[in-house]
Amino acid sequence: MSTNILQHVKQLLHNRDVFSFFHNKTGNLNYLDNTTQKPEVFVSPNSTIVSAPTLDSFQALMEKGNFTTLQLAKVGIRMFFSYSVSKYAVLCFSTAIILNRLTVMSSLRSNSTNIRLPLWSKTLLHLVATLSLVKALLQILSQFGLMHELHVSDTDFYALSVYLFVALSDCIEIFISSTTNVPSLICSDFSIWGLSLNLYIISKMPAGQQHIGDNVELLGAVFHRLVIHLVELFHIRAYRLCGEVILNAGFFTAFVTRTYLNGLDFINICLIHNYFPGFFYISTILLASIGIFLKALFTSNPFRSLYSRYKNLEKWWRSNNYNGEEEFNEIALSLCLLLTSNDYKIFKKSDNVKSVDEVAAFSNSYVVSGHLNQLQSTPEDLLSRKEMTTDSQLPGFARTYLGLFELVRTIILTYSRLLKNLLWSKNFESSIDKKPRVGKRKKRDLNKYVTEKNYKKFLYKPDVKELNIESDLRSLELLLPEDDSSKDYFPPRKIDESVSDEEFDSDMESQLIIDEEKELTHLSSNAVDSDDLEEIAWNISMWSILNYEMDVHNKVNGPLTRSQYGKRNPQGVLVDVVIERLLHHTNSRYMYKRLNMKDDDKLEFKFDFAFDSCDEVEEMDLSCLICKVNKRNIVTWPCRCLALCDDCRISLGYKGFATCVSCDSEVKGYSKLNIV
């Protein structure tokens, strides 16, 4: 093959017959006549044939042999401006605006109500998109000569129809996904802009002189979108990755086979741009897998080595939270990094790609705790999957229509088995001799024999002295034993009614109040400055952090951050915040009020919060659960608990506390209420 390339290069340099070289190796379906002295068509740098009036300066440049980078840049700029004023660029711009409006439409509607699309509408829309893509697929296959009855001689009409079918499928997918609040299945390998540029180049070609690489690119774009709508139609989104793996493996096999048989004559620059990443990932995965198998064969226990690799793959899949709806290139890239790493490091999705449902997507800064992430409206995207009912709960297309055959099959099998059992039982009874059936003997109910006259014999113990033990058999059937060996019954001592549980509880409560009053009196008499309070709170917080980090069981890799400490030791963080708020409110004299103060009187305290439970309070207690002073005005999401004030929320947030103080669930955001 290298010898042939050298011969062509020598011929090119000797004769400068550039067009004969390109026309014979561009992979056209119909080759030009070799006797043509001045061909009417030429090729672009990506081996794609376009019409002469578009780039005639490039033809003159190649004929003169003055091929420089500057002249090539001028031709590229002229080609770009020619595409920019074409109808394909206008269609691409219009499609992008429509897709953007459909995406933003979900954020403009009210968050209080959930929109549910009926099953028939979703099925109808996906069916329309599927039929449109099938029509586009048949037109593309007709360009390869597979279906002559569908062949279109007008290349402009062919390119426009394919583009409109693909754009319609994208609009339907974006509309349904944005309406039902589910992630959209997009095909980023074949964008609308690249598709429009490719179709613009095809529209400038005469019929029968299209480059095979351009049509292969269209084939891949239609196939990938067809897989998306099929999995949506049958409600099997988790199998989207399987379909893309089959498509990429099929294209890879076809390209390798054609390259081996006919060389690289069918490849152009657009084909390399769209297919090369996927092919590179597949080649890397195959080579790495072969190396792993060969390494396992030369080990003492090959099955154990392969099993450990399988466990690594399983851990990699779980750690990245893959569900089968991702694109092939995303999964393949992560798998290549895993297979080619020497330290078996699990590359997570969060290392390179941020998930759209993370808390960081709602703000531009890194959120240490959800208590610092303010949300202005009801966050439906933070609610759990069980609470969200945006999608239709009706059965899918397959279960609705194809399930009818399963129902008919079940009914036929049930009645056939019943008829078979009836016929078999009749034949069996007629063929065997009739034998007398022995009925089961019913047990006698002894209670029927007990009457008003003889009940004493059953319920009373006869006098043993009057009975002859040897002759009278009734002595053996006595209901009660002769001697009672059980312990005697002693009634308990009477409880002193003067002492009750209520008085005991009231005594404990009064003692608690007295102790609290003493502590608060001591604190009020020794009030300190705010700076000293902050230093005390800081010392207490640092002491708890150092005490936690010095424990052998709490070692972490690297420095201990606030978020890590908040997740690992939430109880310690909560205690620190309670102490901090208690010191603040005690020093500011918020927790109590002095009433009727005189020189000879004792201190009388009136607490702002009740010591009793909420059931015993006449009105609802809206005091904060942490400081017990301020009113609750913070709602945490997605648990919807109203338990904190704004000051305690700030303290918990900056200390990395990530759970709710009421229900102990993860907090992803908060909203502030104005309670009157």
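Easy rule for this one: first residue shown is 1, then count along the chain.
Any Cβ shown, glycine's included, is placed from N, Cα and C.
Summarising the annotation, Swiss-Prot assigns topological domain 'Perinuclear space' to 1-78 (among others) and lists a curator's inference as the type of evidence.
Taken from Swiss-Prot, the feature N-linked glycosylation site applies to N24 (among others).
As annotated by Swiss-Prot, N-linked glycosylation site applies to N34 (among others), with the evidence given as sequence analysis.
The N-linked glycosylation site annotation in Swiss-Prot covers N46 (among others) and rests on sequence analysis.
What Swiss-Prot lists as N-linked glycosylation site is N66 (among others).
For the transmembrane segment (79-99), same-chain residues at least 6 beyond its ends with a Cβ under 8 Å from one of its own Cβ atoms are 44, 54-55, 159, 163-164, 167, 170-171, 174, 192-193, 196-197, 199-200, 203. Swiss-Prot lists 79-99 (among others) with the feature transmembrane segment, giving sequence analysis as the kind of evidence.
What Swiss-Prot records for 100-126 (among others) is topological domain 'Nuclear'. On the 0 to 100 pLDDT scale, the model's mean across the topological domain 'Nuclear' (100-126) is 73.
Listed by sequence, the residues of this chain that lie at least six past the ends of the transmembrane segment (127-147) yet keep a Cβ under 8 A from its Cβ atoms are 29, 158, 161-162, 165-166, 168-169, 172-173, 210, 212, 215, 218-219, 222-223, 225-226, 229-230, 233. Per Swiss-Prot, the feature transmembrane segment maps to 127-147 (among others); the stated evidence is sequence analysis.
What Swiss-Prot lists as topological domain 'Perinuclear space' is 148-156 (among others).
The feature transmembrane segment is assigned by Swiss-Prot to 157-177 (among others). Tertiary neighbourhood of the transmembrane segment (157-177): same-chain residues 88, 91, 95, 98-99, 102-103, 117, 122, 125-126, 128-129, 132-133, 135-136, 139-140, 143, 183-186, 192, 195-196, 199-200, 202-203, 218, 221-222, 225, 228-229, 232, selected by CB-CB distance under 8 Å and a gap of 6+ residues from either end.
Under the heading topological domain 'Nuclear', Swiss-Prot lists 178-181 (among others).
Sequence-remote contacts of a segment are chain residues at least 6 beyond its ends whose Cβ falls under 8 Å from one of its Cβ atoms, and for the transmembrane segment (182-202) they are 44, 48, 50, 83, 86, 88-89, 91-92, 95-96, 99, 103, 155, 158-160, 162-163, 166-167, 170, 173-174, 210, 214-215, 217-218, 220-221, 224-225, 228, 231-232, 237, 240, 270, 273-274, 277-278, 325, 327, 329, 356, 390-391. Per Swiss-Prot, transmembrane segment is recorded for 182-202 (among others).
What Swiss-Prot lists as topological domain 'Perinuclear space' is 203-277 (among others), and the listing cites a curator's inference.
Taking Cβ pairs closer than 8 Å, the transmembrane segment (278-298) reaches residues 189, 248-249, 251-252, 255, 305-306, 309, 328-329, 332-333, 335-336, 339-340 in its own chain, all 6 or more past its ends. The feature transmembrane segment is assigned by Swiss-Prot to 278-298 (among others), with sequence analysis given as support.
The topological domain 'Nuclear' annotation in Swiss-Prot covers 299-676 (among others) and is backed by experimental evidence.
Residue counts for the zinc finger (624-664) under DSSP (helix as H, G, I; strand as E, B; rest coil) come to 9 helix, 10 strand, 22 coil. Among the features that Swiss-Prot reports, zinc finger is placed at 624-664.
Each residue of the topological domain 'Nuclear' (178-181) gets a DSSP state, and the totals for helix, strand and coil are 2 helix, 0 strand, 2 coil.
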